[in-house]
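Reviewing the structure listed below.
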Amino acid sequence: PNVRWEYCNLTQCSDAEGTAVAPPNVTPVPSLEAPSEQAPTEQRPGVQECYHGNGQSYRGTYFTTVTGRTCQAWSSMTPHSHSRTPENYPNGGLIRNYCRNPDPVAAPYCYTMDPNVRWEYCNLTQCSDAEGIAVTPLTVTPVPSLEAPSKQAPTEQRPGVQECYHGNGQSYRGTYFTTVTGRTCQAWSSMTPHSHSRTPENYPNGGLIRNYCRNPDPVAAPYCYTMDPNVRWEYCNLTQCSDAEGTAVAPPNVTPVPSLEAPSEQAPTEQRSGVQECYHGNGQSYRGTYFTTVTGRTCQAWSSMKPHSHSRTPENYPNGGLIRNYCRNPDPVAAPYCYTMDPNVRWEYCNLTQCSDAEGTAVAPPNVTPVPSLEAPSEQAPTEQRLGVQECYHSNGQSYRGTYFTTVTGRTCQAWSSMTPHSHSRTPENYPNAGLVKNYCRNPDPVAAPWCYTTDPSVRWEYCNLTRCSDAEGTAVMPPNIIPVPSLEAFLEQEPTEETPGVQECYYHYGQSYRGTYSTTVTGRTCQAWSSMTPHQHSRTPKNYPNAGLTRNYCRNPDAEIRPWCYTMDPSVRWEYCNLTQCLVTESSVLETLTVVPDPSTQASSEEAPTEQSPEVQDCYHGDGQSYRGSFSTTVTGRTCQSWSSMTPHWHQRTTEYYPDGGLTRNYCRNPDAEIRPWCYTMDPSVRWEYCNLTQCPVTESSVLATSMAVSEQAPMEQSPGVQDCYHGDGQSYRGSFSTTVTGRICQSWSSMTPHWHQRTIEYYPNGGLTKNYCRNPDAEIRPWCYTMDPRVRWEYCNLTQCVVMESSVLATPMVVPVPSREVPSEEAPTENSPGVQDCYQGDGQSYRGTFSTTITGRTCQSWLSMTPHRHRRIPLRYPNAGLTRNYCRNRDAEIRPWCYTMDPSVRWEYCNLTQCPVTESSVLTTPTVVPVPSTEAPSEQAPPEKSPVVQDCYHGDGQSYRGTSSTTVTGRNCQSWSSMIPHWHQRTPENYPNAGLTRNYCRNPDSGKHPWCYTTDPCVRWEYCNLTQCSETESGVLETPTVVPVPSMEAHSEAAPTEQTPVVQQCYHGNGQSYRGTFSTTVTGRTCQSWSSMTPHQHKRTPENHPNDDLTMNYCRNPDADTGPWCFTMDPSVRREYCNLTRCSDTEGTVVTPPTVIPVPSLEAPSEQASSSFDCGKPQVEPKKCPGSIVGGCVAHPHSWPWQVSLRTRFGKHFCGGTLISPEWVLTAACCLETFSRPSFYKVILGAHQEVNLESHVQEIEVSRLFLEPIGADIALLKLSRPAIITDKVIPACLPSPNYVITAWTECYITGWGETQGTFGAGLLKEAQLHVIENTVCNHYEFLNGRVKSTELCAGHLAGGTDRCQGDNGGPVVCFDKDKYILRGITSWGPGCACPNKPGVYVRVSSFVTWIEGVMRNN
C-alpha cells in the first residue's frame, strides 16, 4: 500500500547491431483522473528531455521532480497555495502540471503533490548544445506578486545546476541559495528563524540580496543562515572555480558596519568540507583560517573562556597566532587543535591534513615562547592525538620513544611522575632507562604493547592507540635493556592486565585448552586474577583447578563453559566471556582475521544524502561480503540505503563508533555483523532493512578472503527470514545466534536494561548462555524467547522451529516445568491450512500433534499464545504437555474432538475440520493425561487457574520425605539446581546424596534440617528455607521418612547448609520497633540486609560495639536510632538502607507481646524467614481465580478467596460502597462513600459475604462506631467497628504496604466488588478483575487523564478499556501479590466512565497514608 508502482529491475538492451526499434504510437483513452494523479506519476528515466540555458524556454511535458514526486497543476491551489498561475504569468507556459521556470531560477521546477514538500526542481538535464547554438530563453514578465521575497518559490537549487566561486567567495554574486545539506537559505534581511546582524544595512558592499549565498565577513567559502530552526547556518553547496587559466577575480572590499555580536557568535561556525587546508610539520607554523575539528565541532575562540576555561590565550602565547577561533598548535603537540564549543568535549584536533611537502621543502615553524602557565601538567591541552597522525612501534614497543599519549578508547595518559588519579611504581626513578617522559606511551615492563595509566579515575590503565610497524624492510629495532629499580608492588598487581585489541588470539573448541595471555572481556572489562578474591569471591583457584592453567588474570575455561571467560574487576559484573574468537580450523592453519581499514574521515561527507546506483553498475562481493568496500547503495527491491551515520528514518546502532572496522561509509552496502551478505537500512520508513542488490563474485583461488570472526557485544541484528535455526526439546540447550521474535521484533541484549529492566542476566543465569541478544530459554519456558527492543512489548517467543529428530520426523516433546512468571507472552500470528491437506486424530484427539488449523466452518484458528480476538487461559505455559503450538488444532481438556479459538471476533471457538482415524491395532496411541482443574465455567470455557503461591505444598515431619516440585524460598527467591555450582559451590549433589531426591532445583531436606530448603540463585544469599507449610498430620497420617545416607563429605562444618537452629521469626513489631528482636532480614523491596558488623558494601557506624544494647546481631532488622520502624543497610551497592518488610503488631487487647528469646547456633550464613501461620494478613485460605477478565463483562470470584472484602451498607442493609478489613477493628474505605451522612450509626459493614443480597449464615454484620476522614481531603477514610471481627478462614485482613512505597509500573493487581455490571452475568455475586499499574506520567497524558492524577493516587487498568471500577465499587480494595501474600495498594476512588477506552481507573495510593492510618489506629 505504501508503494503505488515501481519500474521493473530490467536493463535496456545494448542494441549493439546499430538498429533501434521505433516506439509505437500510443493513443491513450481519455481519463477522468486529475492530470496530476494519473498513474504512473513518474517519468521513465529512459524517456528523458532536456532544457537550454536555465530552462525558461522549456515547453516540454515532463512533470516529475528529482525525487520522483508528481508536479501539482499550476492552476491548482492544492496541496500548496501559490501565485505562479497562468493568469499571473501569461508568458510562462504554465500548462497543466508540466515543469516550467516562470521566474528565472536555475532550472525548471514545479510545486509537488506531497503536502510535506512545497516544491522541487524537475528531473531534467541541461541540453549539451554541442553544435554551439543556444536557445534564447523567453522573456517572462510576471504579474506583480504580493508574496514576500523570502517566500517566493522555489527555495532550493537543483543539484545538477552547480555554480562556482573564486578565492574564498567574497566576490560571488550568483543566485544559489542551498546549503551543503540541502537546506534553504534564510533571506539576509529576515530575522526568522534566526536573528543576526548580517543585513544589507550593516554590510552594504556584501551583495546581501534576497537569500543568495554570500561571504560578507571573509571566511572559507560562501554561506548563509538556514530556514531550519535547529541549524543556524551552513556553507553553501558551491564548488571553488578551477581558475585553470590562471586568472582570479579579486574579491571586492567589504566593509561591514560595526557589529555588537560577540566574536564567538560570529557566523559562520563550520568549515565546508570541500575547502580543506593543510599544515607543515606539527602545524606550529599554520596560520590558516580553519576552525572545525575532526568530529565537525566548531572551535572556541582563544580569547574566550566559554564553554571551557583555559590558559591558551593571545596574552600567554603572543607568538602562537591565536586569532579568533582558528586552529593552532601553540604548545607543540602532534597537530593543530582547538577547544570546542561543545561543553562535553574540551578540545579536539582540527580536521586538517599534513601537507605532502612533495617538493622537498618544509616551512620551519616559528619559535613559540608561551607565557608561563599555572595549569597543571595533566590539564595541559590537548589530551588526545589526532587519528590521522598515527605512530607505530617495533616488536613489543619497549624501544618506542614517540610522543603519543592516547589509549585505545581515547583516554588521555597520566604522567609517569604523577600519582593522580592512580598511585603506582612505574616512575622515572624506578625505571631510569624506560624513557618515562611526561605522559607518553611506553612499555617499561615488557608486555604486549606500549601502554599508560589513564587520567580516568575509573580506568587504571589501557594500551595505547598505536599500531605495530610493518618492518617491511626486514629490519627491526632492538629494544633497549631496561633494568627497573626493584618494586614493592605485588606480582598480581603488575600492570598491564589487559590486551590491546590489535593483539587478538583465538581458541579451539570450547577453549579448555587455551593457554594464551588475553585478559579482557567482551565488554572491555579487565579480568580479575584467579588467585584473588577481590572484588569477587569464588572457588576457581589454581589450588582447586590445578590443571586448568589459572595463571594471573588470563582468560580460561576451567569448568567446560561454552568459551573462555573470567571474573571481572568491576564489582557490579561478576564474570563475562572473554573477547576471543574461535580458531577457524583448516587442513593446515588457522585463518587470519581480516584487517579492515575504515575510512579515517569523520567529516560531514558521511552524512550526505544517499544515492542510487544505475542498474548497469553492478558490484560483487566475496564470501559473506564482510570485506566489501564498494559504493553500491540500493537494495534488492530498489530502495535507497539509509546512511549509516543517520538515525532517520530508522534508529540503529550500526555506527562507526560501534563498528569502527566495518567500513560504514555514507550509505554504502556493508555487512558489519556477519550476515549472509551485504545489506543496509532503507530510506523507506515502512521497511527497516534489506539485502543489497549485489551478486557474489565468482570464487577463484586468488579471490578467497579470510572471514572476520570478531566477537563483540555489538547491538543486535535482525535475522533474514531465510536463515532459520531450530532447537531441541524446550530449547534450554539452544546456543544459536537467532535474535528475532515471532512478530519480527529485534531482541534486546540480555546485558541491557533498555528498554526493559529485567533480571535474566548472566549473573543470575550463568549457565543460560545469555550472550548478546540471542534467543535463549534460561528459565525453562516452553521454547526460546527474548525481551524485545519495542518498549510496548516486553517479551516474545523467538521465530524458531523445533528440530525434527529421527527418520520419522516425530518431535520429541519434553516435560516442561516452567518457572512461574508474571510476564504475559506476546501474540503469535496464526497460519492457515491448505484445504487439500486433511489430518485425522485418534480417540478424542488429545494425542493429536498435527498442523491443521481450520475449523469445520472454514475459519482460521487463533494462536494459543494470542489474546486477540479472544482472551483465554489456554496457553502453553499452563498446559506444557498439551502441544499448544502456534494455532494448531488441539484438545487438551478432554473435549470430544480437537478444537481451537477462531480469528472471527463473533465466534469464540469451533471444532476443527478433522476426521477420526480408522482404529487399527497399530494406530492406537497413548493419550497424554491433561487434567484441568474443575471449574464452574461452561465446559468449552474451562481453563486451569494458575497455581497460587498462597495455597502451598506441604511436607510431613521435617520434610525429608518431601518430593514435591516447589522451588521458591520464603523470600521469593528461586532455588539453585542441586547439580549446579553456580552461583554457590556446595557438596549437596545427587552423587553425594543419592537417596535425597535432589532433582533439578526442587526444595529438599537432604541432611536432617528443620524443614525443606535450597541454595538460592541470588549470589548474595547462599540458602534459605522454602516457602512450604507443614501438613496437618490428622488428615492422612505421617509419611515414613526415608533414611538418607550421604556420601562422606569433606565440607567444613561452617559451610554446611543449613546448620543453625530454625529461628523464631517475629512477623511484626511494636511501637517504632526498637524492641524488635526477630530474625527478619529482608527489606520492603526484597533486598537482603547487610550484616551490622560488615562494612561491605556500605561503610557505617551502626556496629554492635557502638550500639551494645540494640542487639545488632548478624543482618537482622533493627531500629538502633529510634527511626519510624526497623531497618537495615542493604547488600545492594546502589541502595544504602531501607525499611524492613515488617508490619506493626495490632496489639488489639492492649497487651505488649514479649519477643521470644532466640538462641541460634553460631553460623556464618544469614538465617532466612520461616513460613507464618495460615491466618496471617493477606493470605486467603481459598485460592483466588485471578481471572484476567473485567468486572464489566463478568468474572465471578471463588467464594471467600478475597476474605478482606467488606460490603459497606446503610443501616437498612443496602450495599453502596466497598471497603477493606485491615485489622479486626478497622476498615479502610473511600471518603467519598461517607459524604451523605456524618454519623457513624448510619453505617454498618458486612464481612465474609459472597452474595450481595442473600447473605450466608457465616457472614459477620458489625456496626460502625467511629469515622475518621483524612485531614487534608484525600479520598480515604477509616471506620472503627463497634466490636472486633472474628478472624476465620472467610474473614482475614489484608496487609498494609510499607510507608511511601511506590509500586512499579505493569505490576499485576486485582480489584473486587459488587458494583454495577451493566446487565452482565454474575450480578449480585462478588466479582474480580485483573489490571496493571500504569505510571502516573502515562496516565497524565492529555489523551488519557490529562494531568488529573495526583502523586498520592495510582493509576491502573487497561488503556484499551474493558476492565475498571464501576459505581458501587468505590472504597473497595486494589491488592497486589508480593512474595507470599497480598498487599493493599489502592482504594477504588474515581475514573471517567466505567471501563472506557483510554480512561483507566484512579485509586488512592495507600502507602502514602500508612503513617496517618497507623497513627489513628494507635491513638483510638
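Note that Cβ sites are derived from N, Cα and C of the backbone, with glycine treated the same way.
Matching Swiss-Prot disulfide entries to the candidates C1014, C1020 identifies the partner of C975 as C1014. For the ranges 78-97, 598-617, the feature annotated in Swiss-Prot as region 'Disordered' maps to 598-617. Only C464, from the disulfide-bonded residues C464, C798, C889, place their Cα within 10 Å of the Cα belonging to C452 (disulfide bond). In this chain, the domain 'Kringle 2' (163-241) lies out of contact with the domain 'Kringle 9' (953-1031); the count of Cβ pairs under 8 Å, excluding pairs fewer than 6 apart in sequence, is fewer than 3. Between the disulfide-bonded residues C50, C775, C798, C1003, C1217, the minimum number of other C-beta atoms within 10 Å of a residue's C-beta occurs at C50. Ranking 391-469, 505-583, 619-697 by CB pairs under 8 A with the domain 'Kringle 7' (725-803) puts 505-583 at the top. The domain 'Kringle 10' (1067-1145): residue composition by secondary structure is 0 helix, 17 strand, 62 coil, according to DSSP. For the domain 'Kringle 4' (391-469), the model gives a mean pLDDT of 88. Long-range Cβ proximity for C299 (disulfide bond), meaning a same-chain Cβ under 8 A and a gap of 6 or more residues, is found for F291, T292, T293, N325, Y326, C327, C338, Y339, T340, M341, C350.
The Cα of C912 (disulfide bond) lies closest to that of C1026, out of the disulfide-bonded residues C185, C1026, C1233. Looking only at Cα atoms, C1026 (disulfide bond) sits nearest to C775 among the disulfide-bonded residues C71, C127, C441, C775, C889. Of all the disulfide-bonded residues in the list C110, C889, C1233, the shortest Cα-Cα distance to C50 (disulfide bond) is found for C110.
Fewest Cβ neighbours within 10 Å among the disulfide-bonded residues C110, C185, C413, C889, C1233: that distinction goes to C1233. Put simply, C889 (disulfide bond) is 21 Å from C798 (disulfide bond) when counted between their Cα atoms.
Taking the Cα atom of each, C185 (disulfide bond) and C110 (disulfide bond) are about 19 angstrom apart. Here the Cα atom of C71 (disulfide bond) is found 22 Å from that of C127 (disulfide bond).
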